[in-house]
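Asker: This is the structure I have questions about; it appears just below.
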Amino acid sequence: MSTCSSSSTSSSNSSSSSNSCSSSNDSSNSSSSSSSSSSNSAAAAATIINPQQKRTAAHDAALLIIKGAACVVFSIPCARTTQKIKFNKGYSGSIVLGPLPDAVIAAAAEQQQQQQQQQQQQQQQLQQQLQQLVDTTIEENKNILCFFIKREEANKRYKDSYLDEFGIPAELNTVRICAIRDCAINANGLRS
C-alpha cells in the first residue's frame, strides 16, 4: 500500500514544496529466484525479506516505484529531488521529494479551486432538487397514512424499508407506521 501527500509553503523570497510518499507491503515473504541450465552451476538465489531489518531490497524497490510515479504525476525531475528517506521496521518506509516547480504548485492550487467550485455546484444542485421534490409532494397534497401494526407483521410486509438506522427497541411489539404513497415510509416505536 502506498500513500502520498504534498505540501507547499511560499514567502516573498522563496517557495518550497515537498511531496511525502510512504509505502508498506503486507506480505511476509517475497522471493525471486534464478537458475542456470548448466549442470555445474545449478544455483538458485533467493532473497528472503526479514521484517526485523529496517532496509531491504523490497523497501528500495517500493520506494523507487513510488518516486518514479510521483515524478511523473508532479512533473518533477528524478535527479536531486529526494530530500529524505526513512525506513521503519516491518514493511514500511517513507520518501520526501521536492521542491515542486512553481508551475506544479500553481496547477495544483487551480485544480483544488476547481474541485471546490464543482463541489459547491453539486451541493447547490442537490439542494435545489431536494427542495423541488419537497415542494412537489406538498403541492400534490398526498395523504399521509398513519396506522398501528404488530412489529412482526411490519417486518414481513416492509422488511427493513420502514426502519431507521438506530432501529426500534427489541422489546416493543407494536409500531406506528407513517407513510406517503410512492414517497416514504417510517416507523415509530411506541411504549405501551
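Cβ atoms are placed via backbone N, Cα and C, with glycine included.
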Asker: Which stretch does TrEMBL mark as coiled coil, out of 105-136, 137-168?
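Answerer: Within the set 105-136, 137-168, TrEMBL attaches coiled coil to 105-136.
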Asker: Over the coiled coil (105-136), what does the predicted model average in pLDDT?
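Answerer: Average per-residue pLDDT within the coiled coil (105-136): 93.
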